[in-house]
Amino acid sequence: MLSRTPTNLPPHLSLKFFKIYLNAGDLERARKAFDGMPDPDLRSWTALITTYAKRGLPRESVRLYDELRKKRIKPDKFVLLSAAKACAALVDLAKARDVHKDAVEYGFGSDLVLGNALIDMYGKCGSHEEARRVFGELVERDVISWTSLVAAYLNSGLPSDAFHVLRNMGSKGAKPNSVTLSTILPACSNLRALNSGREIHGFAMRNGFSENVFVSSGLVDMYAKCLRVRQARVVFDNMAKRDLISWNVILSACFSNSDCEEGLKIFDRMRTEGIKTNPASWNSMIGGCVQNGRTDRALDFLVQMQDFGFKPEKITMAAILPACTDLECLNRGREIHGYSIRHAFVEDMIITTALVLMYAKCGDLEISRKIFAQMPKKDTVAWNTIILANSMHGCGREALSLFKEMIDSGIKPNSVTFTTVLTGCSHSRLVDDGRAIFNSMKSNHGLEPDADHHSCMTDILSRAGRLEEAYKFIQEMPIEPTPGAWGSLLGACRVYKNADLGRIAASHLLEIEPDNPGNYVLLYNLLINSKLLGEASMVRKVMRERGIAKEPGRSWVLVQNRVYSFVKGDRRNERSNEIYMFVEEMMMKMRLAGHAPDTDFALQDVDCEEKELGLCGHSEKLAVAFGILNLRSGGSSVRVFKNLRICGDCHNTIKFISRTVGVQISVRDSLRFHHFRDGVCSCGDFW
């Protein structure tokens, strides 16, 4: 190989060096030699244009073709073929039309090979009409012509038309091949067209295509998308040869159908059999674990992915961020945020929106708001997310203001938008605003309120104490009331001590969800609050007889970047004595200040002293106490998460602690955030 490109060569030597460099794969020097040729022949033009296209440099290929046209050199079929492929790769419809025009002008309009390339070109440029026109003008058609037209319709989002072409293909005597089948199968997947997919499967088996790895992978995906995972697994297990695509497809199939354990087994099997993974494999594992609630494994796979030399991509970030919504994962979420900034992923709206939600769910609404404010573009999902963030923190007026700002900015709200803003109205008891928004759904936005919207409206009325109105609203619903609607009414009946209406709500709720322990707990608390101890005891008896156990309460607190968990009566912590002494001291001060412990939230078959001692050991009290005991100098906030609703006595106690100690305390329970400051909670004592 020459160390540098010779210059000022005579034409015959320029051509010689051009061929040498091109055959050696040195495209840069080949181009210099080509540019040194005063009058390149058509074969040289063709060779260079084709090489650019093959090397994945379609823009250079098209530029060179434009130069050829300017020099009024008549292109041959091979130049036109390469130019068509380059236009398809660029998705440049205007240039594609120029190539087509030249093909017709120079007498290649009816050429089968070039015609097939033109159909493919128009299909990839999104113009199925022009692809169809080229197809119709062909004197002769082969299986490639038909397959290219099928692909053109699919690329334009017209699967039904693609199926129509496939059926016409058979009636015209053209037999589909493996490429045709692997092209049409994704349409069956996207349409969930199980019967059509089975027809294609049968055709593949009868004609010997079922051994083709691309057809088999397409069948696995089709059955999985049609929720026939067992059949997908049968096809996969019968594949004589499996490529990485087929492994990734069956992985996604397991996770999409909530079979997380099987997905984990298949991934282990991949590695045992020496199958080389790719980023898509890891993204499937991370996304699948997140979807199925295995956030711990998802975060483990994120680390392993990098250990295997794969850098997380945008899709990885979008998949993992929903896993970082509890205290244990907050630091990891911050690391992912930093990684996203360093790699410019924050410019992606999906990732930025996920960050808005992550910080909101982790209790940091201010950062959530800042990230949203810095977004250059905001779509409906982004607006929905920030409205939800404010709603879950009890900032109903802010949620309402954001909703109006969204409308004013020209973004069209969807069904989810109304669910989020109505939730905000509910948590802030904005009855009139909530009713106006609910009524505007159909009249102003053309959206029919669904079960969730009706449940939100029930919750709005219930929280405001309009129990009879809420009950009437449920009775007049045009759709079947959800457990959420009856649960909202029952919860409000507990607060407002309306046992009669509460019993009605409970009977409906238990009919719909007879095995949900939370429903029995709601009814039990209502009866205790209404001093109906006999009926409350019967509820507990029914739970015992049916084997229904209340989920144990557990609370987590973040202390110096480490998460500590507590259960009721927990004494595992090395500072347990200090924790209990602190809680007892606070409860003593409450009594002296005239606040009696709310023993309705303690067991009823023990004496008063035992009830009060039992209340001392509630998990959220222990977590708050531990957080305060470990506050560093200058620290002024404690953040706690709980898996269940916060109990009334703990709520009262934490309010008192926030005022007495002068600490801001945030508690996220199963319903919402409670921000305690100076003896006041953001929920307004209703949750």
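Any Cβ shown, glycine's included, is placed from N, Cα and C.
What TrEMBL annotates here:
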DOMAIN    594-687  domain 'DYW'
REPEAT    41-75  repeat 'PPR'
REPEAT    111-141  repeat 'PPR'
REPEAT    142-176  repeat 'PPR'
REPEAT    243-277  repeat 'PPR'
REPEAT    278-312  repeat 'PPR'
REPEAT    379-413  repeat 'PPR'
REPEAT    414-449  repeat 'PPR'
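Outside the repeat 'PPR' (111-141) by six or more residues, the chain places 77, 80-81, 84-85, 87-89, 91-93, 96-97, 99-100, 103, 148-149, 151-153, 155-156, 158, 161, 172, 174 with a CB less than 8 A from a CB of the stretch. Below 8 angstroms of C-beta separation, residues 112, 115-116, 119-120, 122-124, 126-128, 131-132, 135, 183-184, 186-187, 190-191, 193, 196, 203, 207 of the same chain, each at least six residues beyond the ends of the repeat 'PPR' (142-176), sit close to that stretch. Confidence in the repeat 'PPR' (41-75), given as mean pLDDT, stands at 86.
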